[in-house]
Amino acid sequence: MTTPETPNGVVHRNIKTPQSEEISGPAAGNRNNVSDEDLRQWQKHMQRVKEKVLEQVQVQLSDLLDQALTETVESFTQTQPTFNGKTTNKSAPRSQRTDDGKVFVARPSLLDELFEINHIRTIYHMFVAVLLMFCLSTLAVDYIDQGRIVLEFDLLFFAFGKLGTVIWAWAVMFFYTLLVPYLTLVIWGSLYHTCPSKLGLSLGTGLILSAVQTYVLGLFPIFVVVQYQLPPASRFIVILEQIRFLMKSYSFIRETGPVIMRNTPKEGESPRFPSLSSYLYFLFCPTLIYRESYPRNTHIRWKYVGITTGMIFGCLFYAYFILVRLCVPVFRPETKQPFSKRTMVLAVFHSILPGIMLLLLCFFAFLHCWLNLFGELLRFADRMFYKDWWNSTSFANYYRTWNVVVHDWLYQYGYRDFLWLSKRKFRTAAMLSVFIVSAVVHEYALAMGFGFFYPVMFFLFAIFGVVFNFAMNDKRQSPVFNVVMWASLFLGQGVQVCLYSQEWYAQIHCPRTENSFWEIVTPRSWSCSYQR
């Protein structure tokens, strides 16, 4: 007698059900609990891996998109260069096109992007917490020493004294830079295409403008700083603005002059010149490379402006507390300690912490906050004022990424022009010349700002900087070299803070008795009789 066949699935279920009931028991329950716990741990691990991968992918994609966008814009401008809406000769060689070089695209600052990540923003919060600790420690020390809370900021008011003199000196430099180079360009451009001796006209105009530039933007700021005995911060404002106006006016002439020379106006037409409004915008926008137009944002984020302004003042007070709490007590000549190698080494290592903190504050306050503040107020969209210099494994990359604004100017008008003049034969000489010029300008700013000549910056920049630039080049990719770079920065900043602080107090307690050349260039700390 046969029974009707049933589907395989039904037979399978009828057979397996008793077997599953047989194995269900304590052992099976333990096995299920263990597997569930492993599954939960594995899910948590995969979630962490997912978050890390997404963060890395986001950073990599952002860099790739920026690079692709820049290359796209560069290729477009190389095929369709324009000036004042007029298309230039497309068949001109690449080295002769005015649009060749720096390309501006809309992009945010790197720290603004990184601060959107909670882990990175926590580092910012840690620095804010350290600022609060500085405030509390200062209040506590003042209360213990004097029995009352004293928060006078006397050092801060001293450093920024005589602001009235700074304002009128800045106004003279600004109106000169706005009017004289622009009017000189217009007059020269109006005569250039009709003058029989174009070379003579250009040389004569260049010599006259150079002489006037030397007097107004070269000697006048030095006269104001020395004659009115401005305090340090006020000195730095005048000198840094002097350097900025010189670089801006040079870029304006350098970018617009060749275009006027190449574009011969038609008969009956006058030459085309950049508008005064575009030049005025350039004098305030956070770049040193002139273009008649830049990518612009649609609106101003006033909340961003307020937060950035607050961070600038926070950095200012931060630097004040670092000097008062970490530098002045170490270098003020109150104790009679004989000078020795031991005291010198200890002073350098005491200066490493305030030195590196001051370096980070200068970077954050100026290259991030100050430039982004003006970029936001002017709706300037290209905010790449720096790159991820902190990840550098070579000093060559550090110099390129630390200050992109100045690097672009040096590369455009120093390195590339040197190669053009030498027919691209002396690349090493071009690099060395840029280093020397940068070191001289840095040392000039420090010498005028502090009021004494002590070429520590020049020595570190022009000698050690050049050596490290060639020794630690872009071929160094190991993380070990990032450690070496940071260790070098720590030590270099410690040496600078130590030596400049010692010289500052030596200049106060052992002033010069005569104004001879050797008396001016010889550091007073080498011969001053007072002991720290």
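Heads up, the Cβ atoms here are built off N, Cα and C, so glycines get one too.
In sequence order, Met457, Phe458, Phe461 are the residues near His442 (active site), counting only same-chain partners six or more apart with C-beta under 8 A. According to TrEMBL, the feature active site maps to His442.
According to TrEMBL, the compositional bias 'Polar residues' annotation covers 79-95.
Here TrEMBL flags 1-34 (among others) as region 'Disordered'.
What TrEMBL records for 79-99 (among others) is region 'Disordered'.
Annotation source TrEMBL lists transmembrane segment at 123-144 (among others).
The transmembrane segment annotation in TrEMBL covers 156-179 (among others).
Marked as transmembrane segment by TrEMBL: 199-224 (among others).
Here TrEMBL flags 302-324 (among others) as transmembrane segment.
Residues or ranges marked as transmembrane segment in TrEMBL: 344-374 (among others).
If one looks beyond the transmembrane segment (426-446) by at least 6 residues along the same chain, the residues whose Cβ comes under 8 Å of a Cβ in the stretch are 236, 239-240, 243, 406, 410-411, 414-415, 418-419, 455, 457-458, 461-462, 465-466, 469, 500. As annotated by TrEMBL, transmembrane segment applies to 426-446 (among others).
Remote same-chain residues near the transmembrane segment (452-472) are listed as 393-396, 399, 431-432, 435-436, 438-440, 442-443, 446, 481, 484-485, 488, 492, 495-496, 499-500, 503-504, 507, 520-521, 523-525 (criterion: CB distance under 8 Å, separation of at least six residues from the stretch ends). Feature annotation from TrEMBL assigns transmembrane segment to 452-472 (among others).
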With the transmembrane segment (302-324) as the reference, find which of 123-144, 156-179, 344-374 contributes the most Cβ pairs under 8 Å.
344-374
